[in-house]
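Engineer: Shown below is the structure under consideration.
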Amino acid sequence: MADSALTPEQLATVKEQVFKAIGFREEDGPVVQRPAGPTSASDTDAEAALDTDAFFVLFSGYLVFFMQCGFCMLCAGSVRGKNAKNIILKNLLDACFGALGWYLAGYGLAFGEDSNDFLGVSNFALHDVPPSRYHNWLFQYAFAAAATTIVSGAVAERTSFVVYLLYALFLTSWVYPIIAHWVWAPTGWLSARFVYKSSLFNGTGLLDFAGSGVVHLTGGLAGMAGAWIAGPRLGRFDASGKAREIPGHSASLALLGVFILWFGWYGFNPGSALAIVDSSEIAALAAITTTLSAAAGCITTLFISMAISYNATGSIMWDVIGAGNGVLAGLVSITASCAVVRPWAACAIGVFGGLFYTLSSSVVLHALKVDDPLDAVSIHGGCGMWGLIGAALFADERLVHMTYPTILNDDTSQARRHFGLLVGGNGQLLASAVVGIVVIVGWVLGHMVPFFLLMKKMRFMRVDPQQEAEGLDIVHHGGSAYPRELKGSSTDKLTAGSEPSFNAVQNSKVIRDIMNDVEIMKGQIHRVFANQAGPVSRDHSEHSVGWSR
């Protein structure tokens, strides 16, 4: 940030606001020591307020970390049963490796007390971090872990453990922290929290309250790089390049994951107020807009899928997975603006988030030929971009000033923040959003594409085709997550002179095979009546209902 010749009063204001934002108290040393002897009522109230804010941030961090469980269930349900163990273990390990990367380097690069416009240069491995900032470390770690786990869905079912663990460490210790510093650190060159007359676009900064760009766009772009370089799963495209459906094995697990993620978002967005004592209105508004945008995204996506199915087949299909993805699209879309838009605008942002997700999902799969089993690129990358644009269009003037109070300009006539273009603003926020998107895209792809290409060159990127076909659970994890053949068990054996016993495992397998064939026949019959011509396909792989073998 350029020097702006601040007065002592302005410096004091900046110091007070910065310390409050990062949870630092001036009296903190290596160990926080409360003064001995009696304290005044005002001192007690101040301590209580700080402790309440710290608890709020900690609890919000717990909710955000619980989103890892949601991602885990969503991923498990969206892949085939033969890869369920593999994907849930990867979700577990990216949280573990991400914690180490964030501890050793990530937090210092993002929020180190000594810093410049580009990065932080202190507090690595929590060195010299006062205990009063520990809650901030945990909260920000949960965000870094969320960005990392987004990639797991995009590269699921064909990547190796080695590349997955290395990318998790790389993303949380270098790629993500730099972006977080730019946008969220007080000295970051894209920061909207503390701006000067010399800041981007005359004191604008990038409005990204909770991370549409910092977290979701970053994770979505990294997933895009990984999915593109890894290539599609076996059988995802036919010889002509037409996409084939490879459905996940459990819509129940996937929707459970969506609900857990939605619940966790109430820590993700309202918790980004970083305080509750003086910021309850901001946190409450963020909770309301989060709810409305999620609902609008779900309903929009559901009706779009209904219209598409009716146009293609003449019948209406209620797409369960699509509706769940619509919820996530709405959540990602509102994350940047949850504290600065009115409820009606949150509904609009959610609606356009559902539209943007549907369009980008089609482009990624059919135009770019990128195989993304969870639509992570479209949900997090595409809607992350839209979230930044939506904030620039709908940010309300009063809410912007309430959420981002500090602005330091020598000319007091210019000491007002910019607000959304569609609610009376002048377009400065939109220009800032475009700049933010461009630099985030450049930074993430500029690092993750070479990283994944190097992994591919070293033959670390992808598992052997035979292993992929057989299933990663059997090859790498000692067997299926859903064992159907219990060899050597009592159900497989008949004692002498006894009647054959009912083998529930074998019968359930027979039932699944029958159901699979029934679904194949239904698809063939439906296609004959829909097209009124053409031979019936015998390619069962095109109509698999998702049971793995």
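Each residue, glycine too, has its Cβ placed from N, Cα and C.
Since the structure is predicted, the reported quantities are computational estimates derived from the model, not experimental observations.
The domain 'Ammonium transporter AmtB-like' annotation in TrEMBL covers 56-482. The feature transmembrane segment is assigned by TrEMBL to 54-79, 91-110, 138-156, 163-185, 205-230, 251-268, 283-304, 316-337, 343-365, 377-395, 429-454.
Neighbours and distances for these, please.
Structural biologist: For the domain 'Ammonium transporter AmtB-like' (56-482), the model's pLDDT averages out at 93.
For the transmembrane segment (91-110), same-chain residues at least 6 beyond its ends with a Cβ under 8 Å from one of its own Cβ atoms are 65, 68, 71-72, 75, 119-127, 129, 137, 140-141, 144-145, 148-149, 151-152, 161, 164-165, 168-174, 176-178, 180-181, 184-185.
Distant neighbours of the transmembrane segment (138-156): 57-58, 60-62, 64-65, 67-68, 71, 74-75, 78-79, 83, 87, 90-91, 94-95, 98-99, 101-103, 106-107, 110-111, 164, 167-168, 171-172, 176-177, 180, 211, 214-216, 218-220, 222-224, 226-227, 230, 267-268, 271, 274, 372-377, 380; these residues of the same chain sit at least 6 beyond its ends, with a Cβ under 8 Å from one of its Cβ atoms.
Long-range contacts of the transmembrane segment (251-268) within the same chain, counting only residues at least 6 positions beyond its ends with a Cβ under 8 Å from a Cβ of the stretch, are 59-64, 66-67, 69-78, 142-143, 146, 210-211, 287, 290, 294, 320-321, 324-325, 327-328, 331, 335.
Proximity of distant same-chain residues to the transmembrane segment (316-337), defined by a Cβ-Cβ separation under 8 Å and at least 6 residues beyond the stretch ends, is recorded for 74, 78, 207-213, 215-216, 248, 251, 254-255, 257-258, 261-262, 265, 268-269, 289-290, 292-302, 304-306, 309-310, 345-346, 349-350, 352-354, 356-357, 361, 375, 378-380, 383-384, 386-388, 390-391, 394-395.
A Cβ distance under 8 Å defines the sequence-distant neighbours of the transmembrane segment (343-365), meaning residues of its chain 6+ beyond its ends; these are 224, 243, 288-290, 292-301, 304-305, 325-326, 329-330, 332-334, 337, 371-372, 375, 377-379, 381-383, 386-387, 390, 394, 396, 420, 423.
With a cut-off of 8 Å between Cβ atoms, the residues of this chain six or more beyond the transmembrane segment (429-454) that come close are 163, 167, 170-171, 174-175, 178-179, 182-183, 190, 200-201, 204-208, 213-214, 217-218, 221-222, 224-226, 229-230, 385, 388-389, 391-393, 395, 418-421, 461.
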Engineer: Short question: most Cβ pairs under 8 Å with the transmembrane segment (377-395), which of 54-79, 163-185, 205-230, 283-304?
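Structural biologist: It is 205-230, which has the most Cβ pairs under 8 Å.
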